[in-house]
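Q: Quick one: this structure, given as structure tokens, is what I'll be asking you about.
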Amino acid sequence: MKMGNQSVETDFILSGLFQYGQMNTFLFVAIVILFSVALMGNIILVLLIRLDTRLHTPMYFLLSQLSFIDMMYISTTVPKMTTNFLTSRKTIAFFGCEIQAFVFLALGGTEALLLGFMAYDRYIAICHPLHYAVLMSKKICWFMVTCTWASSSSNALIHTLYVFQLPFCRSRVVNHFFCEVPSLLPLVCQDTSQYEHTILLSGLIILLLPFMAILASYARVLTVVFQMSSGKGQKKAISTCSSHLIVASLFYMTTLSTYTRPHYLHSPEEDKAVAVFYTIITPLLNPFIYSLRNKEVIGAMRRLLV
């Protein structure tokens with residue numbers, strides 16, 4: 001009994017995305033459907049890119065990495081949230097919470113950096129097409145992907161180890177549907193204002209810098225595109241870049257709003273709503289925007305089905 005009580009005391013309780021009720025049941029079903037569609041969409045896109053040799057290019061290699069990240073990203077939060085909704089036990093073990101926070105931070109940081117490299121890929125393809133084969137070689141692509149995983153995982157490890165050694169001497173109720181660092185800080189019984197400066201710095205480096213690079217690269221791309229004499233080339237380039245920019249803006253703006261504000265300015269309900277966008281909506285939109293708006297992917301799907 002003593003060990004059991006100690007276990008309960010070290011567990012966290014996730015309040016969840018919503019409370020009980022008929023409308024909440026509808027939202028629960030909707031989220032399960034969105035999760036299933038997002039998972040299937042990303043799996044199909046990864047398989048198409050892997051099976052069709054015509055898609056073995058740097059752009060689709062990076063896109064397959066993005067889909068792989070999104071599959072893991074959405075699977076880190078939604079299954080636990082849905083399980084908690086169906087059961088009366090809303091707890092998550094201390095170590096489980098730590099693992100979830102680390103994986104989520106690592107995947108989120110990797111996606112943020114990868115989106116920046118994908119914008120760089122489009123910039124090179126459109127603005128420097130003659131140098132594309134050299135600047136986006138297979139070796140360079142793997143180097144980009146390795147750097148994104150290594151740097152974001154290191155950042156996530158540092159933050160996770162620091163946060164979970166802090167004294168959690170207040171309520172163990174996490175007012176969120178998963179263990180996220182900003183949602184855990186209100187439970188700490190010591191001043192975290194200095195640490196929040198490091199979160200801000202990490203957010204500026206991993207989120208804001210890639211986003212600014214994306215905006216800068218697409219500003220240059222649009223300049224080159226509008227100088228093209230081919231209307232068809234203009235349309236294709238704008239379609240590709242606009243879809244990337246829409247998804248990137250949604251991801252960066254929502255994550256920046258969470259990770260660049262001190263915890264006393266956070267509203268739990270607002271944080272939950274914002275988190276839905278970068279944990280569920282973005283992984284859902286990515287495969288459809290990159291596939292349904294892309295004739296090469298649609299062609300690969302047709303060839304696979306025939």
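Indices start at 1 and increase along the chain as displayed.
Yeah, the Cβs are placed from backbone N, Cα and C, and that goes for glycine too.
Remember, it's a predicted structure, so these values are computed and weren't measured experimentally.
Sharing the record's features from TrEMBL:
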type	residues	note
TRANSMEM	26-48	transmembrane segment
DOMAIN	41-290	domain 'G-protein coupled receptors family 1 profile'
TRANSMEM	60-79	transmembrane segment
TRANSMEM	99-120	transmembrane segment
TRANSMEM	140-164	transmembrane segment
TRANSMEM	199-225	transmembrane segment
TRANSMEM	237-255	transmembrane segment
TRANSMEM	275-293	transmembrane segment
Q: So are the transmembrane segment (199-225) and the transmembrane segment (99-120) touching or not, going by 3+ C-beta pairs under 8 A with a sequence gap of 6 or more?
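A: Yes, the transmembrane segment (199-225) and the transmembrane segment (99-120) are in contact.
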Q: Quick check: do the transmembrane segment (99-120) and the transmembrane segment (237-255) share at least 3 Cβ pairs under 8 Å, counting only pairs 6+ apart in sequence?
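A: Between the transmembrane segment (99-120) and the transmembrane segment (237-255), contact is present.
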